[in-house]
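The domain 'Glutamine amidotransferase type-1' annotation in Swiss-Prot covers 7-197, and the record cites sequence analysis as its basis. Residues or ranges marked as active site, nucleophile by Swiss-Prot: Cys84. Taken from Swiss-Prot, the feature active site applies to His171, Glu173, supported by sequence analysis. Here Swiss-Prot flags 198-387 as domain 'GMPS ATP-PPase'. Look at Swiss-Prot and you will find Ser225, Gly226, Gly227, Val228, Asp229, Ser230, Ser231 tagged as ATP binding site, backed by sequence analysis.
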Amino acid sequence: MKKQHDTIIVLDFGSQYNQLIARRIREFGVYSELHPHTITAEEIKAMNPKGIIFSGGPNSVYGEGALHCDEKIFELGLPIFGICYGMQLMTQHFGGKVERANHREYGKAVLKVENESKLYANLPEEQVVWMSHGDLVTGLPEGFVVDATSESCPIAGMSNEAKNLYGVQFHPEVRHSEHGNDLIKNFVFGVCGCSEGWNMENFIEVELEKIRETVGDKKVLCALSGGVDSSVVAVLIHKAIGDQLTCIFVDHGLLRKGEAEGVMKTFSEGFHMNVIKVDAKDRFMDKLKGVEDPEQKRKIIGNEFIYVFDDEASKLQGMDFLAQGTLYTDIVESGTATAQTIKSHHNVGGLPEDMQFKLIEPLNTLFKDEVRVLGSELGIPDEIVWRQPFPGPGLGIRVLGEITEEKLEIVRESDAILREEIIKAGLDREIWQYFTALPGMRSVGVMGDERTYDYTVGIRAVTSIDGMTADWARIPWDVLEKISVRIVNEVKHVNRIVYDVTSKPPATIEWE
């Protein structure tokens, strides 16, 4: 029997941070779902949530193409918390004034609490918050009071406690807001009255039921790569429908060292799944020959991947569904109906229009760290659960520019050395993701008294909670030295190593 739990609904107005809001709430043990701003009041009412959060967004509430919501949502009597654009939308709805700011405010600011509403209960009077806005609330709606101010924002927070309506001009969901979690927690528990009750055990129960209802007696193909996401998808679906699942492992020649052999051993022998291995290396390399543009590479790899599945499915009987390990972060990085696109993601951007399968994506409401917890709950070994995140296009987007066998081998061997040394140093759980990339640039060097003109290998290592934001990892110098010396000595055609010290934003984690 499905367990009941309190729910907070988040309405998406296009912020790149909107997924983080739901993520923060789940960290509190309360279920949260993201829905498009076009959802109706009746649909929300049917979900019986305890409260609603309006996300931020890049638009102006008074501008052309401004995003709005069903005005009846304000009549549901539910607590509403507007963040940035969400606060401005609330202001506009209730007759307040929103104007263009003299200067766009982006970055850290000091917030001063002027009125201790429930939102600011037990929080410091001054705190650092993260601002990202071009508009300001300059006139309060009737019945609202100013909760907080900042140097550049006279109305940085407002509330109408009689109606349980709250708004902030900053982003509490971003970790740069030092008490942001506590503020959201105050809304979820203090204002909405939620109770903890959602966890991975609940998620598994709900998803197993959903998979069985969706699939019925039909069959599912799973795109198994051996990475964390596809592994968890495969085990979850196998747990739900058993032998109705067939896993197809496509070796596209863009995998890490030893990965192909490891996948077959773990899933075919260890989990007793039906796994079909397809050697498609030549097919992929032919399609990628001469292609340098990263977006084109992603599309080609995504398309070819599905076509391989089509070919294999035609040999099987009655395959209706294709399972993918799409995550929340995959979707936000590819752009939703409202979010501005950062890059086409390998799981959601490269699908051909004539695809013959219906997609089943049981992880598309989870973040990477949640997927690891789910994997452990499902009994998947740590060496798989804590495996490095690996993109669908594989090493294809870690070789910048045209892909060749020589370049792939350089990345494959250097990446294996990096992983080996990071594990030896005991840093594999501290660093969220680490890999090598080949930027395609050559430089002059000296090896054995001879001049060389060889490739540079870039090392990328980041710390993160959920992949939405990331900081470059402070790997100890002695460990970096070992990695550098080994790669230059053991990998052919490499004479220089560089370390990427850029956070996300402004950079993405992958180089392409």
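Any Cβ shown, glycine's included, is placed from N, Cα and C.
Features recorded in Swiss-Prot, as mapped to the structure shown.
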{"residue": "Cys84", "record": "active site, nucleophile", "Cβ within 10 Å": "25"}
{"residue": "His171", "record": "active site", "Cβ within 10 Å": "23"}
{"residue": "Glu173", "record": "active site", "Cβ within 10 Å": "27"}
{"residue": "Ser225", "record": "ATP binding site", "Cβ within 10 Å": "26"}
{"residue": "Gly226", "record": "ATP binding site", "Cβ within 10 Å": "22"}
{"residue": "Gly227", "record": "ATP binding site", "Cβ within 10 Å": "22"}
{"residue": "Val228", "record": "ATP binding site", "Cβ within 10 Å": "24"}
{"residue": "Asp229", "record": "ATP binding site", "Cβ within 10 Å": "24"}
{"residue": "Ser230", "record": "ATP binding site", "Cβ within 10 Å": "24"}
{"residue": "Ser231", "record": "ATP binding site", "Cβ within 10 Å": "27"}
For the recorded ATP site, whose residues are Ser225, Gly226, Gly227, Val228, Asp229, Ser230, Ser231, find every other residue on that chain with a C-beta no more than 8 angstroms from the centre of their C-beta atoms, and list them by sequence position.
Leu224, Val232, Val233, Ala234, Gly325, Ile384, Arg387, Phe390
Recorded positions near Cys84 (active site, nucleophile) (Cα-Cα within 10 Å), from His171, Glu173, Ser225, Gly226, Asp229, Ser230:
His171
Compute the C-alpha separation of Ser231 (ATP binding site) from Glu173 (active site), stating it in Å without decimals.
29
For His171 (active site) and Asp229 (ATP binding site), what Cα-Cα distance in Å is obtained after rounding to a whole number?
29
Mean pLDDT for the domain 'GMPS ATP-PPase' (198-387), as a whole number?
84
Whole-number Å value for how far Glu173 (active site) lies from Gly227 (ATP binding site) (Cα to Cα):
28
Distance, Glu173 (active site) to Asp229 (ATP binding site) (CA atoms, angstrom)
24
Work out the three-state DSSP category of Ser230 (ATP binding site).
helix
Val228 (ATP binding site) to Glu173 (active site) - Cα separation in whole Å
26
Could you state the CA-to-CA distance between Gly226 (ATP binding site) and Glu173 (active site) to the nearest Å?
32
